[in-house]
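The ATP binding site annotation in Swiss-Prot covers Gly66, Pro67, Glu68, Ser69, Ser70, Gly71, Lys72, Thr73.
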Amino acid sequence: MSNTDKERAIAAALAQIEKSYGKGSVMKLGQRPNIDIEAVSTGSLGLDIALGIGGVPKGRIIEIFGPESSGKTTLTLHLIAEAQKKGGTCAFIDAEHALDPAYAKKLGVNIDELIISQPDTGEQALEIADTLIRSGGIDMIIIDSVAALVPKSEIEGEMGDAQMASQARLMSQALRKLTASINRTNCITVFINQIRMKIGVMFGNPETTTGGNALKFYASVRIDIRRIGSIKDKEEVIGSQTKVKVVKNKVSPPFKTADFDIMYGSGISKEGEIIDLGVKLDIVEKSGSWFSYNNVRIGQGRENVKQYLKEHPQISNEIEKIIREKSSKITNINLDQTEEEND
């Protein structure tokens, strides 16, 4: 078959497919209108840089997992706030029945515009999510959490009844159904997940996430979030030092990490990240305990500089802009190459 005949045969096949399934159902990759991946900021400057595209990708499944009280819900509330700033409509499926509206408001979430559902069963939660995604009007949906998506059979059964892998089957079926809708409607779908311990693991990491393996495969980005220390004001604990690691990334190189502070009552400390990344990129100078910007001292001690940046937002925004411009030069934000690469 000559090249001309091949081209005619392909053109005829493409025309037949479009006739059967609609325009745009098949095309050459270079003809796609949006080749660049759009992203929504996470609310953390360091994590945006670690993700490689300035935030979480639109039209993809994201998994955020970690131990209890590590900042999973806080990070997702920041995601909602950032999406709303861009005019997006967000939904929160609260399967844990634990969302605090007052805390969400403090983090910048417009709770009057946030759609919330507190379903009774896992099937109900995922059906609600599917309906909202297929509507095409939702820009971001959060499901909190996978562990709380209890199958109907388990709720209606007796305590102690064996329900072998019923949650894993539910998640596998739901993700098969949701994936195409998520991509078509460009909706960011974030699953919060918990950590469990595998029994009898002698070597390697005994930790695993709930809900089986389906979510690990379908997720384009998986973020591991951990609390690594406390932030104290004299004797009072006022926040948590947090480390996040991008353990899977289909849109940029994975295994990058970022550190940030989560302050109780106000969420991720943007000013703390600006100081740390500013020093790392030689934008902010550090001499002893003093910090300087443009040869002007802006404070002694990290907490004082954070307060200075809060009081001078124009300087804070200026430093942040320079950090984002230089971020392409950062190949490493505490880059942590571990055994997980070989998992």
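First residue shown is number 1, and so on along the chain.
Just so you know, glycine gets a Cβ as well, placed from its N, Cα and C.
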CB contacts for Glu68 (ATP binding site) [other CB atoms within 10 A, all chains]: 8
Any further residue of that chain within 8 Å (Cβ to the Cβ centroid of Gly66, Pro67, Glu68, Ser69, Ser70, Gly71, Lys72, Thr73) of the recorded ATP site: Ile225, Arg227
Least surrounded among the binding-site residues, given as Pro67, Ser69, Ser70, Lys72, Thr73, when other CB atoms within 10 Å are counted: Ser69
Cβ neighbours of Gly66 (ATP binding site) where a neighbour is any other Cβ within 10 Å: 24
Count of other CB atoms lying within 10 Å of the CB belonging to Gly71 (ATP binding site): 24
